[in-house]
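Read through the structure below, which is laid out as structure tokens, and then see the notes.
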Amino acid sequence: MAKQKQRGTKAKARRTIKPTLYYEIVGLTLFALSIITILQLGVVGKSFVLFFRFFFGEWYIIGVLGVIALSVSFVIKRGWPNLLNKRLIGFYLIVLAILMFSHITLFNLLTKDGAVQNTSVIVSTKDNFFLEMKKGPDSVHLGGGMFGALMFATCYFLFDEVGAYIIGIILVILGILCITNKHIGEVLAPVGRILRSQFQVMQGDYKDWRAKRTAEQTEKKKTTRSTRSKRAAEQEEIIEPMEEISIDPPIISNFTENYPVNEEEDKRIEVEQEELITSPFIEETPPIEEPKKKRGEKIVESLESEAQAPPMQFSNVENKDYKLPSLDILKFPKNKQVTNENAEIYENARKLERTFQSFGVKAKVTKVHRGPAVTKYEVYPDMGVKVSKIVSLSDDLALALAAKDIRIEAPIPGKSAVGIEVPNSEVSMVTLREVLDSKANNHPEEKLLIGLGRDITGEAVLARLNKMPHLLVAGATGSGKSVCINGIIVSILMRAKPHEVKLMMIDPKMVELNVYNGVPHLLTPVVTDPKKASQALKKVVSEMERRYELFAHSGTRNIEGYNDYIKEHNSQSEAKQPELPYIVVIVDELADLMMVASSDVEDAIMRLAQMARAAGIHLIIATQRPSVDVITGVIKANIPSRIAFAVSSQTDSRTILDGGGAEKLLGRGDMLFIPIGASKPVRVQGAFLSDDEVERVVEYVIGQQKAQYQEDMIPQDVLDTKQEVEDELYDEAVQLVVEMQTASVSMLQRRFRVGYTRAARLIDAMEMNGVVGPYEGSKPREVLINDVQEKSS
């Protein structure tokens, strides 16, 4: 019985394998015959050539290729393909039209007057085929074969020869529509737009030709001297319209001239820099007026209440011998003179106006601002011109200027103009030395004044970090994000002493910020373990809470008021109390932290972003993955100041800036900076800082004072509390919970067909290992990890 059962199983296996093997054999056979037919090998090859030429005529290769496609389908899919789908039907229609056109051409050549009777078409085709059988393949012209003869005979009988051409054209159009799966309007709309734009261009060229012809006829009647004066007058006419609307002449910012030449220019630049430094994102807060009090009574009362406050976290006192680094440590910028820049700008302005004119937009270029990497053209449209119409011409303007990409700012804030930003042919480097050496940096009392770069007008862009109060930096890899972070850190090291500003650096990538280890400004060594990072952020939150308790006991509202209170106390008492330093927390890669402990990190960042400003704690968060699961809505809502470097898509730009624009940046330090309170971002060329300059600054600072880390702020080693689970379904259950992003006992019972006890044990094990949250009544348990974390673990 066992042998009979085994034989039956083998026979059944043969029956199941036989159909698939049959299709493979048929497919390979057809493929081999097709190759033999193409090469016309032997009697078989020539016979198949005659067979296909009978039906397809001179286009017999189409039939052979169709058989090859059928054989490949047999081998791959092991079954009959659908030969009547929409795309194949379109292909059939086009082939029939080609065969009919070929047959019409054949019979026009064979007959003198081009007219043929209906019956003679098929008969003549058959006679030609028999004649070819006697002479051999390719000896007689067969036109479109029997298929073409049938199509031509039918159409000629019904619609005459011209009607046959019309029917063939209609078949081709229907075939294209079937293949592309579009209707006629969708196919013809781009053609109409192209024709309309070409007509407008031709109309503009015709007008230019007429004007040029008139000018040439006038110039022939004058001497060479008058011709030169005429050209000079024309050049002045080109420049004059750019000065009609604006009071000032066109501005071409020469940002390479860092130092003023005379006293008048010094005063003018100083006024401009003061206007820049008092912009909304670095606006100085007026001092808090405190009520006058008697120094004998109220300070004693507050000191008595302060005795019950928590102890101060920072005990290091001021180092009198510490000297701030000099700007001589940083390199001077290499001034690179760009030749023919004015001529290029005027030529681009003319191209812009001509392009606007060709599209029927009345607009004039009135001012030009040349920046380090981008030149901004201010375009004033006439009354009645929609701004959206100018914005829609961005691709056409880029084509006219032969630019890589352009960015349109519509409108420019505070002006009735549209800004068109065009990349320069030569990019000028901006160094941190020239930014920190500008007039805007003459505020030694501002310890958190950071240098970012130069804007399009060539002015240095600096910002007060304590007014931001937090900063989000995002951009793709290689766009200049790490250089910007280094510039911010070095700006702080150049202005603040260790007792004035403290730094906490979190670098999960372990390569960007390790160079700063040993700097006396650090609270702790650079944190590189993502698991320790959440603990470090929690310690900063605890420090913030302790500071608020100190403020409450001393009757002050913020760190500035508290430090003023301490200064007044130290002037009257022998027991000196240290002032509270600012704390700057720098996270170089937020995405890695969100993968390991998203909930803890997000909660800590949310609390610091909401409350830490008055306590003197400021966040700088950088990430190269600007997605919504990294830059969450909670983080964005509490960090209003943002810097966006070049990103790959408009979606990433909207995640960072709540609007487009970053996808059009050039990279290599080109950024969009949107400070707190600003309506639109400012385009800035970021300051470059080499690794050698960073190392020199770090060596100088370490040489002035050794690091004194705060033991209470150093995160401890995080023990892995996960326990091994003996249940073999545990890994599958975790995978299911992570994929579904929901967890419940009933779901595990249904999916794995287990009892309540076993499913409950699995849920308890997941809660113990930090996969799901605690029990919340009728609500489903919260899943604490995502799919990316599960794969990484």
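Quick reminder: no glycine exception, Cβ is built from N, Cα and C everywhere.
Taken from Swiss-Prot as is:
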COMPBIAS  212-221  compositional bias 'Basic and acidic residues'
REGION    212-235  region 'Disordered'
DOMAIN    458-654  domain 'FtsK'
BINDING   Gly478, Ser479, Gly480, Lys481, Ser482, Val483  ATP binding site
In sequence order, what residues of the same chain, 6+ apart, have a Cβ less than 8 Å from the Cβ of Gly480 (ATP binding site)? Phe645, Gly667, Arg668, Gly669, Asp670, Met671, Gly686
Show, in sequence order, which residues other than Gly478, Ser479, Gly480, Lys481, Ser482, Val483 on the same chain lie with their Cβ within 8 Å of the centre of the Cβ atoms of the ATP site. Gly475, Thr477, Cys484, Phe645, Arg668, Gly669
Using DSSP reduced to three states, classify Gly478 (ATP binding site) as helix, strand or coil. coil
Other CB atoms within 10 A, centred on Ser479 (ATP binding site): 25
Averaged pLDDT, computed only over the residues in the domain 'FtsK' (458-654): 88
